[in-house]
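**Q** Got a structure for you, written out below as structure tokens; questions coming shortly.
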Amino acid sequence: MNSDKTGMHGVWSNRWTFILAATGSAVGLGNIWKFPYITGENGGGAFVLVYLVCILAAGIPVMMAEVLLGRKGRMSPINTMRQMTDEQNAPRFFRSIGWMGAVSGFFILSFYSVIAGWTLAYVVKMASGIFDGADAELAGNEFGGMLGSPGLLLLLHTLFMILTGIVISRGVHKGLENGVRLMMPLLFMMLILLFGYALTTPGFGAAIAFLFTLDFSKLSTTSVVVALGHSFFTLSLGMGAIMAYGAYMPKQASLGRTVLAVGFLDTLVALVAGVVVFSVVFSNGLEPGAGPGLMFQTLPVAFAALPAGDLIGTVFFVLVAVAAWSSAISIAEPAVAWSVEKGISRFKGTLVVCGLSWLLGLGTVLSFNEWSEVTLFGKTFFGTLDFLTSNILLPLGGILIAVFVGWFMSREAIGTEARIQSPVLFGLWMFMLRYVSPVAVGLIFINGLLP
Ligand code: PHE
Ligand code: NA
């Protein structure tokens, strides 16, 4: 019924552009801001190991399934899932993958934009030179001062949401492609430079030990849920972002290799960011479990120690902001693409999606100051949204995607779309999708969420 809508949003120029765009979606605040601080909060090495296992056992197989659905459907996730369930005679219940994803997108974008706003502030702070010769105390005070000002946070949140809206409203080709093409390689170069600096710090050894020494006594069941949730969050899975991007992927590109490339790059960025952040933490006697402020309290100290640190720091925060930008675009794309298919103009669709997320974001703004004492089950407004999306909605979406492709799609339909040459690799992927990913996610869910 929706066949007239297939492909209406355009197609990436080639396989590389899809890799770039999907990497643009994947690499973002999740890698540079969130991964280090949740690793710090969850005790280090054992958490990192569980996270890596989740990426391999659930993340990569589900990502392949999600790209496959998108490329086959060629529409927004909501309409793609409607068509796929009809085509495959699967229960209509699986349509919820599309709807639930759009809702998750609203929630995620609302707080993502607030945190991304902080990186905008740090561009200005860095450029102004206030971090010249900064120590950990000064960096901590600067961060605390920023959080204490709801007006400033609101302004930054608004600014970032407008930037996001501008690119989304311009559409896939003009908007999305150009942004990531230049910025992604630059971000990698900056991270390598920071890694070089980390190598010279006294805390480097402690950082490596913290990240890679396995101490399972530090691992709680909640930590395992957080690691699983983060593996979906960081790969942009379970809510349709990667499905929407898959819809714009050329038919001939190899699914497996493309997805592995994205997964590898995303993991690499997270690990390098982790090493840099914890080198500064341990060189300055800081707390690994400092929470969401960790990146903002450590990196300025690193830049202060570097020659031309103000300049490098400014460029770095510009790049983090751009990485967040290219992720934010993909968070909104499923809902916007759907509204376009409904006959609403891309501009209006963007206005509604970004507007609603902006409104919800006010709660996150306030949760760092006025409402910091207002909690639900011990979590602030931001903490609740973060938990609800990463630890519940995204894994749930992922499990449904795995079960749908693994159990309800015909092998023939999967085979012709995925075109995986090796029968062994194809079999392995199917095995992961049918058994390993759903069982692992299910067990972690049941264990971690039940009291
Ligand atoms: N993967 C992004 C990051 O790591 C966040 C994201 C989540 C993007 C969900 C799209 C969908 O920052
Ligand atoms: Na990521």
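Keep in mind that glycine also has a Cβ here, set from the backbone N, Cα and C atoms.
On a predicted model such as this, the values are computed, not experimentally measured, just so you know.
Taken from TrEMBL, the feature transmembrane segment applies to 12-33, 45-69, 97-123, 143-168, 188-212, 224-247, 259-282, 302-328, 349-368, 388-410, 422-446.
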**Q** Could you check whether the transmembrane segment (45-69) packs against the transmembrane segment (302-328) - three or more CB pairs closer than 8 Å, residues at least 6 apart in sequence?
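**A** The answer is no, given that the two segments have fewer than 3 Cβ pairs within the 8 Å cut-off.
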**Q** Is the transmembrane segment (97-123) close to the transmembrane segment (143-168), in the sense of at least 3 CB pairs under 8 angstroms with a sequence gap of 6 or more?
**A** yes
**Q** Sort out the residues at least 6 away from either end of the transmembrane segment (97-123), same chain, that have Cβ-Cβ distances under 8 Å to it, and list them.
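**A** Residues 28-29, 33, 76-82, 146, 152-153, 155-161, 164, 233, 238-241, 243, 292, 296, 300, 313-314, 317-318, 320-321, 324-325, 327-328, 331-332, 334-335, 338, 353-354, 356-361, 363-365, 382, 385-386, 388-389, 393-394, 396-397, 400-401, 404.
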**Q** Residues sitting near the transmembrane segment (302-328): Cβ under 8 Å, six or more positions beyond its termini, same chain?
**A** 21, 24-33, 109, 112-113, 115-116, 119-120, 122-123, 126-127, 129, 131-135, 160, 163-164, 167, 176, 179-180, 183-184, 186-187, 190, 193-194, 197-198, 201, 236, 276, 279-280
**Q** What stretch, picked from 188-212, 224-247, 349-368, 388-410, has the most CB pairs under 8 A with the transmembrane segment (259-282)?
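**A** Most Cβ pairs under 8 Å with the transmembrane segment (259-282) come from 188-212.
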**Q** Would the transmembrane segment (388-410) and the transmembrane segment (188-212) count as touching if the test is at least 3 Cβ pairs under 8 Å, pairs 6 or more apart?
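**A** Contact criterion not met.
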**Q** Grab the same-chain neighbours of the transmembrane segment (349-368) for me: Cβ-Cβ under 8 Å, and only residues 6 or more beyond its ends, written as numbers and ranges.
**A** 105-107, 109-111, 113-114, 147, 150, 153-154, 157-158, 161-162, 164-165, 168-169, 332, 335-336, 338-340, 374, 380-383, 385
